[in-house]
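A.B. asks: Let me give you the structure first, and then I'll get to my questions.
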């Protein structure tokens, strides 16, 4: 595997780090943890298709409603999950710090399974459906916060971007599977089974997450944070597939210990309020927290989840249509289900299935060939412009030459359809995976879970806003909803400016080097060099000698034991 990585990943760490650290174990733990992303993707894709199925509409009272009432009810069903995700992401931070990343991910899987069971058993009761989706949201939100955190803390620095970005790949995989599950159920099942089977299938990724995490190790950085140094070293050796006295392990372990002590030197305490002060009062930490929040806002304002949740309806807006043997006179329509010109529910779901494949393949190509070579910053810059151009064309097309119900698709309509697929590809080459990679890798060790929690909660808050607003926007913002696409295009263009001025490159850097990039290491040196600052902060401003001596003695003991074993 290492020889292949050296050919496709181009950064300094790949050239200098030992090849043994790229063994199967690190890929297995990353894939196991990222099943939480598949849970999110499955829900995003399945609910959009289920909402368009006739048996579901009849069972849950969507039939006979006018377009605004139907849009509101659909938005309520979709957005309830995002509300749960918001609170789940926030609550996951203290859980991940207290009980560990592994146990917290197992708990998130259990909560997700319970929520899916309630959705499937709702039997036409909207209240039960809402509660089930809210509970599922708690699990999905918690997993969204812990997944990237856990993977980034275990991944080798040279391929951390690709491994952490697997979370986004598993999201797209879940979306793709969901689209095809919906399509198959629509063609081959009747009655309530048509929507019950897709709803129940949401539990599959949660079960995979539960089983996978039972077999995985805890994060060595979390163990070190808990002062469980022997377990931390043993786990690090296991993940890296190297002996404890290997120079690479010693260097990485020493960097982890040094960073933790330096962070404690700035504030000292470890209570929630101490960590909040450390996050918002120290300039380098405050900058990282704000970057995390704004990146996640930008990710949602690209409009990607508007397409994920409502893709069957949106494809109707953009002119993907069944070929009619008898042309029907052109008639303009403002109906939400016809704005893109797609006629036939099976055709809509087929188009969304192709859309899911495009997303998954694009994300896979990015993670393998681009994430750790081109880097984070440049990926965000060029995809901002590309996404904006795609959305702008769709908006102008829907405004200038809107599709007509029952009429053949004009060439401009096919170009608009291609733009949707291009938008999906561009998103997976930048704002999809990079945001999760960046937010999970830039925080300092003590603040990592809290920082990622703020980022994930922000993502879910704006995900909720988008899911709640888009149906009404498509129905009311301009003729045929063209203004919706123009708004998202403007956001995409403005995001390029934000990245240009505020996002530094992080590819190939170790997690412990992020403090140097954002200036925290310099602040520590200034405090230790200034007698007044050092005395005002007390002994917490210096790395505890007892801890350092203990680590040195532990290293010596480990080397002695290894030497005796070799002699035997």
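Every residue gets a Cβ built from N, Cα and C, even glycine.
According to TrEMBL, the compositional bias 'Basic and acidic residues' annotation covers 553-568. Positions annotated as domain 'Major facilitator superfamily (MFS) profile' by TrEMBL: 29-507. According to TrEMBL, the feature region 'Disordered' maps to 530-568. The transmembrane segment annotation in TrEMBL covers 24-51, 71-91, 103-122, 128-151, 163-183, 195-216, 289-310, 349-371, 380-400, 412-438, 450-470, 482-503.
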A.B. asks: Please figure out which one of 103-122, 128-151, 163-183, 195-216, 289-310 racks up the most CB pairs under 8 Å against the transmembrane segment (71-91).
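C.D. replies: Between the stretches 103-122, 128-151, 163-183, 195-216, 289-310, 128-151 has the largest tally.
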A.B. asks: For the transmembrane segment (380-400) and the transmembrane segment (450-470), check the count of CB pairs under 8 Å (sequence separation 6 or more) and say whether it reaches 3 or more.
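C.D. replies: No; fewer than 3 Cβ pairs under 8 Å.
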A.B. asks: Counting only residues 6+ away from its ends, which parts of the chain sit with a Cβ under 8 Å from the transmembrane segment (349-371)?
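C.D. replies: Counting only partners 6 or more residues beyond its ends, the transmembrane segment (349-371) has Cβ contacts under 8 Å with 8, 45, 48-49, 52, 161-162, 165-166, 168-169, 172-173, 175-180, 182-183, 186, 307, 311-312, 315, 320, 342, 379, 417, 420-421, 424-425, 427-430, 432-434, 437, 507.
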A.B. asks: Between the transmembrane segment (103-122) and the transmembrane segment (163-183), are there three or more C-beta pairs closer than 8 Å, counting only pairs 6 or more apart along the chain?
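C.D. replies: Contact between the transmembrane segment (103-122) and the transmembrane segment (163-183): absent.
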A.B. asks: Are there residues at least six beyond either end of the transmembrane segment (163-183) with Cβ under 8 Å to its Cβ atoms? List them, or say none.
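C.D. replies: Distant Cβ neighbours of the transmembrane segment (163-183) are 26-27, 30-31, 33-46, 49-50, 53, 144, 147-148, 151-152, 155, 197-198, 201, 205, 308, 311, 346, 349-350, 352-353, 355-357, 359-360, 362-364, 366-367, 371, 428, 432-434, 436-437, 440-441.
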A.B. asks: Need a quick answer: max count of Cβ pairs under 8 Å to the transmembrane segment (450-470), which of 24-51, 128-151, 412-438, 482-503 is it?
C.D. replies: 128-151
A.B. asks: So, does the transmembrane segment (24-51) come close enough to the transmembrane segment (482-503) to give 3+ Cβ pairs below 8 Å, pairs being at least 6 apart in sequence?
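C.D. replies: Answer no, regions not in contact.
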A.B. asks: The transmembrane segment (128-151): which same-chain residues, six or more beyond its ends, come within Cβ distance under 8 Å?
C.D. replies: 29-30, 33-34, 36-37, 39-40, 43, 60, 76-77, 80-93, 95-96, 101-102, 104-105, 107-122, 163-164, 166-167, 202, 206, 209, 219, 436-437, 439-440, 448-449, 452-453, 456-457, 459-460
A.B. asks: Over the domain 'Major facilitator superfamily (MFS) profile' (29-507), work out the mean pLDDT and round it to an integer.
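C.D. replies: Here the mean pLDDT over the domain 'Major facilitator superfamily (MFS) profile' (29-507) amounts to 83.
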A.B. asks: Against the transmembrane segment (412-438), which of these stretches has the most C-beta pairs under 8 Å: 24-51, 195-216, 289-310?
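C.D. replies: Ranked by Cβ pairs under 8 Å, first place goes to 289-310.
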